[in-house]
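Some notes on the structure that comes next.
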Amino acid sequence: GTPQKYDPTFKGPIYDRGCTDIICCVLLVIAIVGYVVVGVVAWTHGDPRKVIYPTDSRGQFCGQQGTPNEYVSSLRRPRGEGSCLHVQPPHSVSSSPIQICVSKCPDRYQTYLSAYGSRTPSELEYYRQFCVPEFKNLQKAPIEVLKDKECPAMIIPSTPLARRCFPAIRAKKGVIMVGNETTYDDGRGRRRNVTELLEGAKKANVVLETRQLAMKIFEDYTVSWYWIIIGLVIAMVASFIFIVLLRFLAGIMVWVMIVMVILVLGYGIFHCYMEYAKLKGEAGSDVSLKDLGFQTDLRVYLHLRQTWLAFMIILCIVEVVIILLLIFLRKRILIAIALIKEASRAVGHIMMSLLFPLCTFFLLCLCIAYWASTAVFLSTSNEAIYKVFNESACQFSGQTCKPETFNTSNVTKLCPDAQCLFAFYGGETAYHKYLIVLQFFNVFMFFWLANFVIALGQVTLAGAFASYYWAFKKPDDMPAFPLFSAFGRALRYHTGSLAFGSLILAIVQVIRVTLEYLDHRLKAADNKFAKFLLSCLKCCFWCLEKFIKFLNRNAYIMIAVYGTNFCTSARNAFFLLMRNIIRVAVLDKVTDFLFFLGKLLIVGSVGILAFFFFTQRIKLVQDTAPPLNYYWVPILTVIVGSYLIAHGFFSVYGMCVDTLFLCFLEDLERNDGSAEKPYFMSPDLKKLLKKTNKGQPDA
């Protein structure tokens, strides 16, 4: 591309600008309206209770207000959350387990035959609560009751979990038991081992243990939440102090890092030489790598002189390359350090920028909440489907039916033992047929809106920091509220450009999600070519996503400064960076190192402090630390929270460095330091580049 030419009217971010990429803005508005319509339709048809609450064989919720089973709730759940009991009929191709809402789970072993033959009426009365609600005739023959599937053949001690009854399995001295028994009567005169129930209740026990763990973690949070907040505040203060100190210590930290790398490589060369010399004369050490061939035990290679000679040559080459790079790129490293220092000053003048990520975080939370709720409502918007189940052969078996009219239909006349039971959730309408399309649209809109929110934050910060750079007298020539001015310009003029950039990124991300889904489905397949092709596509689209994010970020900076459309801004930013590719690479690596060091220092120091405090190893505050079930709970929370806080601070700082860098490159191409075309860069950068503004004092 051609370098930028001097524009006498350009004095920083252009205020007299027009709307850009209007078509994309209109598309975004239409898409948002459609997204709202999809959400309303989903909320109208969906019912999240299908995910949370169990249903009986009629598809009716257990223990829910406004349902026939409203008062059938577990005694262990006083809020009216019912439990669901499975009644397994005799094995048959067309038979189906019957689910019954009960007031409480069984607490004993019992068969219907033993309850019916008991002389105590209370035994049969107790058993009746686990039968279908229509069962009233206690004098009915047991064989008829079991044939009509009105009662289960047997009940076993169970515990309520997730509003469902599961066998109360426990281990005593390595022996699996249900209640206090190791065997049970299956209701058909056979004794079975309780291990047959183990597989069905294994997941239930995992969930139960997880729930107990969650309760203990919740208790830890209730007694340590204020100390966690104090730890996060310390991380916030430490992040701010680190950014301020970069103004003074950036150069020292970078050069110390470079010297340490050179010293480490030098020690590596020395160590390789010592090992090479030590192996001289030892048996077998002079065997060449070619003669030895490939060995699975890699330690064999360490006994060869040729191995250490190869290591020493490689390290020498790396050492020489780094020293040559330092000699030839020394000036560019100094420029990168000066820009980092200047970014620290810019953040100091626009302190509100450090709080702006909270706005972005809030908008992202809204996007996530809307996407998640819409996904749940869409997935639960199917209707209850009932099918015909029977014991004997029946031509209507498996067909759909309606419980309201089933008893008066021809099915009961031709198949007397047939029943109309709840099978699953589905639907035959056009809405139900296109549910997968609506779910796909929901995912796509989530990515589009999330990327739009991130883009809005980047453009806002870029506009604010650009107004700092292009102020000839800093900070006197800066606008009163640079952050709010940049936010207003971004929303008023460039919603379409932000929608365009985020749309491209969203399409690539949706393709990546689709590829991950296909990869998950093909894991069990033996088609190696398909797996190879899929892996290549995943790698290519991962690289494409990274490139688009890099391009979008710099395009948004140009949009914030010049007010051009997305394509023009992306092209100008790309060519500007390509004309200064070495400076870009040096600045990128220097800033990456500083951000890594900053995150490591902040997260590490706060995490160590939290560890010593919550494990009561600090004597001054030993009695202050709260008693905990798991001390790692608040420690991990503080570490993760500290990382997120440090990442938020450094994301602002990184955007500041990138913005100032692009403005710096533009400044070098547009201006020459004359009275008509003065440089806007800081005095430190001018001194470093041996540039001056002729006839004007430096700002």
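Even glycines carry a Cβ here, placed using N, Cα and C.
The annotation transmembrane segment is assigned in TrEMBL to 21-43 (among others). For the transmembrane segment (21-43), the list of distant contacts is 370, 373-374, 377-378, 381, 431, 438, 441-442, 445, 448-449, 452, 494-497, 499-500, 503, 565-566: same-chain residues at least six beyond its ends, Cβ to Cβ under 8 Å.
The transmembrane segment feature in TrEMBL is assigned to 225-245 (among others).
For 252-270 (among others), the entry in TrEMBL reads transmembrane segment.
Look at TrEMBL and you will find 308-329 (among others) tagged as transmembrane segment.
According to TrEMBL, the feature transmembrane segment maps to 350-372 (among others). Long-range contacts of the transmembrane segment (350-372) within the same chain, counting only residues at least 6 positions beyond its ends with a Cβ under 8 Å from a Cβ of the stretch, are 39, 240, 442-443, 445-446, 449-450, 453-454, 456-457, 460-461, 464-465, 468, 482-483, 648-649, 651-652, 656.
The transmembrane segment annotation in TrEMBL covers 445-470 (among others).
Within the same chain, residues 17-28, 443-444, 447-449, 451-452, 454-456, 459, 541, 544-545, 548-549, 552, 555-556, 559, 563, 565-567, 569-570 sit at least 6 positions outside the transmembrane segment (491-511) and bring their C-beta atoms closer than 8 Å to a C-beta of that stretch. Annotation source TrEMBL lists transmembrane segment at 491-511 (among others).
The annotation transmembrane segment is assigned in TrEMBL to 555-578 (among others).
TrEMBL lists 590-614 (among others) with the feature transmembrane segment.
Look at TrEMBL and you will find 630-650 (among others) tagged as transmembrane segment.
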Worksheet item: So which residues does the transmembrane segment (225-245) touch in its own chain, when a touch means Cβ under 8 Å and the partner is 6 or more beyond its ends?
Response: 344, 347-348, 354, 598, 601-603, 605-606, 609-610, 613-614, 625-626, 634, 637-638, 641-642, 645-646, 649-650, 653
Practice prompt. Could you give the residue numbers and ranges of same-chain residues that sit at least 6 residues beyond the transmembrane segment (252-270) on either side and whose C-beta is under 8 angstroms from one of its C-beta atoms?
Written response: 311-312, 315-316, 318-319, 322-323, 326, 333, 336-337, 590, 593-594, 597
Item to complete: State the non-local partners of the transmembrane segment (590-614) in its own chain: residues 6+ outside its ends, Cβ under 8 Å from one of its Cβ atoms.
Response: 224, 227, 231, 234-235, 238-239, 242-243, 246, 250, 253-254, 257, 333, 336-337, 340, 621, 625-626, 628, 631, 634-635, 638-639, 642-643, 645-647, 650, 653-654, 657
